[in-house]
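Have a look at the structure below, then the notes.
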């Protein structure tokens, strides 16, 4: 039985070594939100619901920005596979311009929405509490995008530990400032929910500076940066980044937009349901970011092999990535099933909220494998520069099915928050299946 997996053994190890720092870095983005939610949860259900609303809105724009920056990774990996080191540095240079501009635009959009939260039909006290929190975490998108540019460049070259350490330090800094600014430790003003957002902003400024310093000062990047300098835009290279990055951004937008839309629908039911949704979505997003790290590693491996035109390695590396993520998501599903009441208790002690969240975590357990398979499938296809059809797949799965069906189950059939989550599970499974079919079609085409 195990003999059939022997050919994947070298790829399990190499993919894992490449993936685990990426997983830590990816988890870092979500851990900031998780830490904010856990610490704000001690203030009560209304601040936690406001945190849920703010993070749900920000999440759409954050992952859209991350998607744009991820257009850099396969391009750098492919050029590195061809031994074109100076061109790799050119993509870092042009990526910086795109990332800075994208961060400013995304912040402006978030600020606009923050002024109109009452339009979303949320409880008044939740919308009022969320406004300033959303503004400050929206501002953190600018340094986050700068961090992402340098991170995606390094990961495209196969160097993933630098971003991992910067993310770890950034999250520790975020927790430290949360204690100071949420609760008012050591004489600092107790800003409550706004303090959580301010801590996030400060930590992301540190991450941007830290990652830029790593890339510019480390000797391993010197051969790639011999001609590096922020100069006038090279529209040809910028076009290539955007041509890959924008569809990736749309993929993230459609998926996270569906979950954010689900949060808005849950908010129509009540503040307790929204607080429970925030807890469950925090935990599900945490496991997703782990799977997303495997997906990024799969992108790098596929792109590097594609640059060398090694089609056998593309397939073996891709299948091993599927194996890794399925194993990982089986573990997380088991944890959700067995700890579905304990995990919400870590956030809040309100028994009504804990009961609802425990039910949602059971549903989250059932879509873990589908979530992992779809994110790795999308990652592999990005490495092969196949982004248009996967974007259409995500649109159909999440917005064509997930959101409308969620409304029907949640409100027409009166299943409430659970019905909305059942629909999300179905849409993730559909996306996973369609992306896997697309992967097999592309691999078969390359083989001929």
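Yeah, the Cβs are placed from backbone N, Cα and C, and that goes for glycine too.
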Between 168-186, 301-319, I'd like to know which one TrEMBL lists as transmembrane segment.
168-186
State, in range form, which of 126-147, 192-215, 321-347, 389-409, 415-437 has the highest count of Cβ pairs under 8 Å to the transmembrane segment (275-300).
321-347
Test the contact criterion for the transmembrane segment (192-215) and the transmembrane segment (126-147): 3 or more CB pairs under 8 Å, pairs 6 or more apart in sequence, then answer yes or no.
yes
Kindly say whether the transmembrane segment (415-437) and the transmembrane segment (126-147) touch, using the definition of 3 or more Cβ pairs under 8 Å where each pair is 6 or more positions apart.
no
Other parts of the chain folded back onto the transmembrane segment (241-269), taken as Cβ under 8 Å at six or more residues beyond its ends:
49, 52-53, 56-57, 59-60, 63-72, 74-75, 91, 94-95, 98, 120-123, 126, 277-278, 281, 285, 378, 382, 385, 387-388, 390-391, 394-395, 397-399, 402-403, 406-407, 410-411, 416-417, 420-421, 423-424, 427, 431
